[in-house]
């Protein structure tokens, strides 16, 4: 990892937790020794964004797990970047595979959300990744490059973007891409950014890995030159999240 790219660890709590157990998790995180050279972000369910922001140590940022593409309006059930910022959160996760595949979000919609979130001043954790049948068909690059292009077309300032590569076949399945598989895709993504955006953006943009990251798998993954951190699912609700945050130490 280039010295200019600060290691980034996001915890995606998904639709999990209640005040009591999330409060206990937050106490664990607040009491833990976290490295100063690692950026840590937690993404609680939207109902708990305010709770998390009030309880978490200020050095841990808060993200929403989703947002809509406009500021206000008759969009029942949606939240806007402005609302997310109003609660003190600084980031939003967009394009997560569960949004794509469970809720049917298209590349086009994700691109529109990315553009609006950035315009409103949020940082964006933009997710891309192939499904198992796509990997087995040998089209991993085609899929992730197409997804990345739609994101890139909607980004003016890359300093507020973290790219999260999550092979869909490794999310919540217990299967993890090998460190070599992760590095190979991350390296190709950086190459795509160099060719299609700029060398400066390619060198400075953090590309993080998501997909069944655990305390046991994180150190070797973190040692790969193009893996700049993690987007952690289930393990971010457990004390081992602290070990993952410390993967570079």
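Cβ coordinates are placed from backbone N, Cα and C, and glycine is handled just like the others.
Annotated features, as they stand in Swiss-Prot:
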- 68: 3'-nitrotyrosine (MOD_RES)
- 80: phosphoserine (MOD_RES)
- 106: phosphoserine (MOD_RES)
- 149: N6-succinyllysine (MOD_RES)
- 156: N6-succinyllysine (MOD_RES)
- 159: phosphoserine (MOD_RES)
- 166: active site, proton acceptor (ACT_SITE)
- 194: N6-succinyllysine (MOD_RES)
- 194: N6-methyllysine (MOD_RES)
- 198: phosphoserine (MOD_RES)
- 209: 3'-nitrotyrosine (MOD_RES)
- 212: phosphoserine (MOD_RES)
- 223: phosphoserine (MOD_RES)
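The structure, with features from Swiss-Prot marked on it.
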| residue | record | DSSP (3 states) |
| --- | --- | --- |
| 80 | phosphoserine | coil |
| 106 | phosphoserine | coil |
| 149 | N6-succinyllysine | helix |
| 156 | N6-succinyllysine | coil |
| 166 | active site, proton acceptor | coil |
| 194 | N6-succinyllysine | helix |
| 209 | 3'-nitrotyrosine | strand |
| 223 | phosphoserine | coil |
*Determine the Cβ neighbour count for residue 198 (phosphoserine): the number of other Cβ atoms within 10 Å of its Cβ.*
13
*Which has the fewest other CB atoms in a 10 Å radius around its CB: 68, 209, the listed modified residues?*
68
*Where's the emptiest Cβ shell within 10 Å among the modified residues 80, 106, 212, 223?*
106
*Among 80, 149, 198, these being the modified residues, pick the one whose CA is nearest to that of residue 209 (3'-nitrotyrosine).*
149
*Looking at the modified residues 106, 149, 159, whose Cα is closest in space to that of residue 223 (phosphoserine)?*
159
*Of 80, 106, 194, 198, 212, i.e. the modified residues, those within 10 Å of residue 68 (3'-nitrotyrosine) when Cα atoms are compared*: 80
